[in-house]
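Chemist: I'd like to ask you about the structure that follows.
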Amino acid sequence: MAGSLKDFAALKALGQQLKGKGEERAREEAERAKAEAERIEREKQRVAEASIFRTTMKGVNKLPESNRYVPQLPKPVITPPPAPKRKLTAAEQKDDDAAVLRESLSDLFGVEHYMEEEPSLNYLAPGVGSDVMKRLRKNYWPVQDELDLHGLRRDDARETLAAFLHKAVQRNQRCVCVIHGRGFGSRGGEPVLKSMVHSWLVQTDGVIAFCQAHAAEGGEGALIVLLRAALRPER
């Protein structure tokens, strides 16, 4: 009796195993059939599109070469390189720098807001300490050169002053004296050249301060001008 039960159980297990394999095979066949159907559908669509294209292009002929439009590209514009500039000599470079400086000095430049205390007496460049003005008034820096503008017309005075200051800066001079006169002989008694000199000095790169000269150096008719070399450490 026991042997019969074992055989029945074995047969039942075998039947379930065969059933599972049959279901798996059926799924695989169904997937293959689906893939084949999709491939056939894509092929039909490709054939249909090709047929539509041939029908659309029927009767269309290729244009002969003589009727074909070929766009013309613009020719590149070749710009010749600029001719090399002749290198200036040292003397020419100095003259050129001085000319640029002269042209940069305007007679209409207002200096009032740059001047310290009394506009007619002192100027201190922005960023320069007030101790510099104190030392300048006490003749801390000896005057190394002097320019007298007496008798010069305004344009001549401007050019002469520009050239003088340019040379002083190039020589690393620290302190110079500019004599402009008191202007008593000016039209209307106004010291025109004096005020012009103040304006030109304020516009000059390299001038960091100036003040009225002491009586022995010209008093109201002269200015002691401090140049940027004065701020460099002395060797």
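Here the Cβ of each residue, glycine as well, is placed from N, Cα and C on the backbone.
Take a look at what TrEMBL says about it:
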- 16-41: region 'Disordered' (REGION)
- 20-41: compositional bias 'Basic and acidic residues' (COMPBIAS)
- 66-95: region 'Disordered' (REGION)
- 73-83: compositional bias 'Pro residues' (COMPBIAS)
- 147-228: domain 'Smr' (DOMAIN)
Chemist: Looking only at the compositional bias 'Basic and acidic residues' (20-41), what are its DSSP counts of helix, strand and coil residues?
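Modeler: Helix, strand and coil residues of the compositional bias 'Basic and acidic residues' (20-41) number 22 helix, 0 strand, 0 coil.
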Chemist: Helix, strand, coil: count each for the residues of the domain 'Smr' (147-228), based on DSSP.
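Modeler: Helix, strand, coil within the domain 'Smr' (147-228): 39 helix, 19 strand, 24 coil.
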Chemist: Helix, strand, coil residue numbers for the compositional bias 'Pro residues' (73-83) per DSSP?
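Modeler: So the compositional bias 'Pro residues' (73-83) is made up of 0 helix, 0 strand, 11 coil.
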